[in-house]
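Summarising the annotation, Swiss-Prot assigns transmembrane segment to 21-41, 60-80, 94-114, 135-155, 194-214, 239-259, 270-290 and lists sequence analysis as the type of evidence. Residues or ranges marked as topological domain 'Cytoplasmic' by Swiss-Prot on the basis of sequence analysis: 42-59, 115-134, 215-238, 291-310. According to Swiss-Prot, the feature disulfide bond maps to 85-172, an assignment based on similarity to another entry. Per Swiss-Prot, the feature N-linked glycosylation site maps to 159; the stated evidence is sequence analysis.
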């Protein structure tokens, strides 16, 4: 690839990455503060508002740290020291883990909420908010422990010349590790993500069954001439299933890009594509939640109307 093409590709990647970050930060900020207001303004706040607020907060942290990483990739002159590199990459990895945990537990909570009276999950209904909140805090602590090796694996490399280092930004790179350590950390990450993906798939299967039963009931009501309007539970279930499907597609695509990067030894283009793909869920999911929540759309419309009339 010649110099002009390389510059053109870098410009496209830069615009795409910063657009994704800025739009995602704005959307997640709106989502977080809206659900925070719902939590504080209701006499009996719904647990779903807490989980969506937690998800939007972790996604906000993820996108902010990604924005700082992107700034060091394209704008800065590689002036970070080792402490800055370690702190930022560690916080970014934690935010990614927290986001995965929050998305998974949101699926599990909704599965428990929609469980029938005959289901074994019914006994968890009343205590599920406490159990899931406790599980989220436990997972946060575990992520902090599992990601602690990053503090020793990342250094500042302003004048990177060795091929043994793995590029992260202009300032930061991963130290080369022995095969046993690499295998151990890779296995830990693979097991962790397989567990969460499996749990999300299980809960999604339950939600699909719920939608199927609801559709049969709607067809029966339609045949008898009664109203078959979609319930709030059905709309929320469809939203979560849509997000789950989108998450799985992005997860598969991210892994394809990652292995392509390793195979072709590409240090820039595939790496940028991988970053963009891996953070797309944090941006898109916030818009899905915003535009499927009637209360939020009404608030946004009223705000836009006031701005236009000023």
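Every residue, even glycine, has its Cβ placed from backbone N, Cα and C.
Sequence-distant residue pairs (6 or more apart) of the transmembrane segment (194-214) and the transmembrane segment (94-114) include at least 3 whose Cβ atoms are under 8 Å, placing the two stretches in contact. Residues 10, 13-14, 17-18, 20-22, 24-25, 28-29, 32, 88-89, 91-92, 95-96, 98-99, 156-159, 168-172, 272, 275, 279, 282-283 of the same chain, all 6+ positions outside the transmembrane segment (60-80), place their C-beta atoms under 8 angstroms from a C-beta of that stretch.
Panel annotation: around the topological domain 'Cytoplasmic' (42-59), residues 24, 28, 31-32, 35-36, 95, 98-99, 102-103, 105-106, 109-110, 113, 128-129, 132-133, 136, 236, 282, 285-286, 289 of the same chain, lying at least six beyond its termini, place a Cβ under 8 Å from a Cβ of the stretch.
Panel annotation: around the topological domain 'Cytoplasmic' (291-310), residues 30-31, 34, 38, 235-236, 239 of the same chain, lying at least six beyond its termini, place a Cβ under 8 Å from a Cβ of the stretch. Sorting the topological domain 'Cytoplasmic' (291-310) by DSSP state (H, G, I as helix; E, B as strand; all else coil) yields 18 helix, 0 strand, 2 coil.
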